[in-house]
Amino acid sequence: MKTVKHKILVLSGKGGVGKSTFSAHLAHGLAEDENTQVALLDIDICGPSIPKIMGLEGEQVHQSGSGWSPVFVEDNLGVMSVGFLLSSPDDAVIWRGPKKNGMIKQFLRDVDWGELDYLIVDTPPGTSDEHLSVVQYLSAARLDGAVIITTPQEVSLQDVRKEISFCHKVKVPIIGVVENMSVFVCPKCKKESQIFPPTTGGAEVMCQDLKIPLLGKVPLDPHIGKSCDKGQSFLMDAPASAAALAYRSIIQKIQEFCGHHQPKEEHLVGS
Amino acid sequence: MEEVPQGCPGTGSAQAGRGASCQGCPNQRLCASGAGAAPDPAIEEIKEKMKTVKHKILVLSGKGGVGKSTFSAHLAHGLAEDENTQVALLDIDICGPSIPKIMGLEGEQVHQSGSGWSPVFVEDNLGVMSVGFLLSSPDDAVIWRGPKKNGMIKQFLRDVDWGELDYLIVDTPPGTSDEHLSVVQYLSAARLDGAVIITTPQEVSLQDVRKEISFCHKVKVPIIGVVENMSVFVCPKCKKESQIFPPTTGGAEVMCQDLKIPLLGKVPLDPHIGKSCDKGQSFLMDAPASAAALAYRSIIQKIQEFCGHHQPKEEHLVGS
């Protein structure tokens, strides 16, 4: 990990809130600058969505003398996922914890990442083997922090508070929270509907209570789902949409956070 | 032990404890003695316990956030509307137990008695069990690895005093891992009626759901059918239908045709569902005439019909 400047985890206690969608678009957004080297690691072993969302279905991983090669979307954007190791996308990976942990260790140790500005790690929902393992294996390598994804309703926030609690327990800094699926604007009459109602104030109130930054709120937009299914960058497909603008603002805040946390050896002395 | 040595032949293999990779493994002696290959005695204990449970239904999805817990809760509510039907809902999502909130049972505690743990009752005929009831605060994170989660699931199945039940509904976390393998393994002698699989229309979900269907085939759990949640959203003002999660590959309908599995129904997005869940109330009671509630009821009826045709009588099992 010495050749990787910034390492970001994307977490949520809750499933289906948009972790993989966000991870993929964070990677796309950062890699729009050709001089920024970005990699996206998908450690969701049972439900690896990243190959589809990045348009890399059917790709295979190659081995070389220096280790496994990530699959490249662009020259400066590489991806690794268990999805690339399956013979068919419908193959179920039915592994218990220890075997999943072994795979994560291999991804971190045996993939030839090269010189990277950003390594983004997409995780499955929960606070279990995968999360403990990635934090444990990266413990000496200094994670910049975690971005936590939620949706507005209390059933989600409840699981997200557990994830925040997990981060505190394992001492992973929290970059901030992203609230997905905030509102839906009817394309015909422009009425705003809160499909996942923030009955307890949504992420905004939770972040105030827990004194954690709210990085932004992203509205529901059918173009996001379409782009993901087609494996394209939503930021390119619908750049002027409210959702794309929200994503870009959030990505900028993450870059600023990482910019203030340069992993220089001299800063760590005595810390 | 949290990690297996590289090249571990597996605790059930003939090479267990004897392979070259076994050297230095703390479990080597246990495996070599053959004890690791013996079936878990809990499986027989659970089979006995489950004799008073007529129908056992798993609610599964490869994908997170598609509405498993919402559906499980409302399946339980729907079945329990008949006072003479005894229903229980078991939540085996150890990391993200949503059922206590959705059933309006936050803050409730589990009681122990001579006959085991008592479920928490919503109604006289509707009991619930979840790890959520064992936490001192709902924000406590349960940060357990697989083996500890498996132990909890075994306790839920073996030590809870379920009593005489018509239906036991088991809500699961997303994925195909420890929890899913464990619940199928522990219930293997007790005969599961089948699994209801939940999805949303987009291909990113269906991809994970096909894996879950593949899992069911591998572990020989019958599939009752698929429910497609979040199908459309109807704008309350202008009534325009929007497909927020577009079915770019035909949604659950095409997947079910391809895989020859019943599509039990499609449920539209409705903000009342989220509100009811957050308040811990039954959406079927809160908005009974809504399209979503009618869709749920039709699906619940199909599940009852499926179970009605699969009576777990001992004599039917002879020779099967």
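Cβ from N, Cα, C; glycine included.
In TrEMBL this protein carries:
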BINDING   B:C8, B:C22, B:C25, B:C31  [4Fe-4S] cluster 1 binding site
BINDING   B:G62, B:K63, B:G64, B:G65, B:V66, B:G67, B:K68, B:S69  ATP binding site
BINDING   B:C235, B:C238  [4Fe-4S] cluster 2 binding site
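Here the features listed in TrEMBL are placed on the structure.
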residue : record                          : Cβ contacts under 8 Å, 6 or more apart
B:G62   : ATP binding site                : B:P174, B:G175, B:T176, B:S205, B:Q207, B:D208, B:V209, B:R210, B:K211, B:E212, B:F215
B:K63   : ATP binding site                : B:P174, B:T199, B:T200, B:V204, B:S205, B:D208, B:V209
B:G64   : ATP binding site                : B:P173, B:P174, B:G175
B:G65   : ATP binding site                : B:P174
B:V66   : ATP binding site                : B:P174, B:I198, B:T199, B:T200, B:S205, B:N229, B:M230
B:K68   : ATP binding site                : B:V59, B:L60, B:S61, B:D171, B:T172, B:P174, B:I198
B:S69   : ATP binding site                : B:D91, B:D93, B:S98, B:I99, B:I102, B:D171
B:C235  : [4Fe-4S] cluster 2 binding site : B:E241, B:S242
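In sequence order, the binding-site residues near chain A, meaning those of B:C22, B:C25, B:K63, B:G65 whose CB lies under 8 Å from a CB of that chain, are B:K63, B:G65. Among the binding-site residues B:C22, B:C31, B:C238, the residue whose Cβ has the fewest other Cβ atoms within 10 Å is B:C238.
For the binding-site residues shown (B:C25, B:G67), fewest C-beta neighbours within 10 angstroms: B:C25. B:C31 ([4Fe-4S] cluster 1 binding site) carries a helical DSSP state (H, G or I).
According to its DSSP assignment, B:S69 (ATP binding site) is helical. Note: the Cα of B:C31 ([4Fe-4S] cluster 1 binding site) and the Cα of B:G67 (ATP binding site) are spaced 41 Å from each other. Nearest Cα neighbour of B:G67 (ATP binding site) among the listed binding-site residues (B:C22, B:C25, B:C238): B:C238. In this structure the alpha carbons, written CA, of B:C238 ([4Fe-4S] cluster 2 binding site) and B:C25 ([4Fe-4S] cluster 1 binding site) are 66 Å apart.
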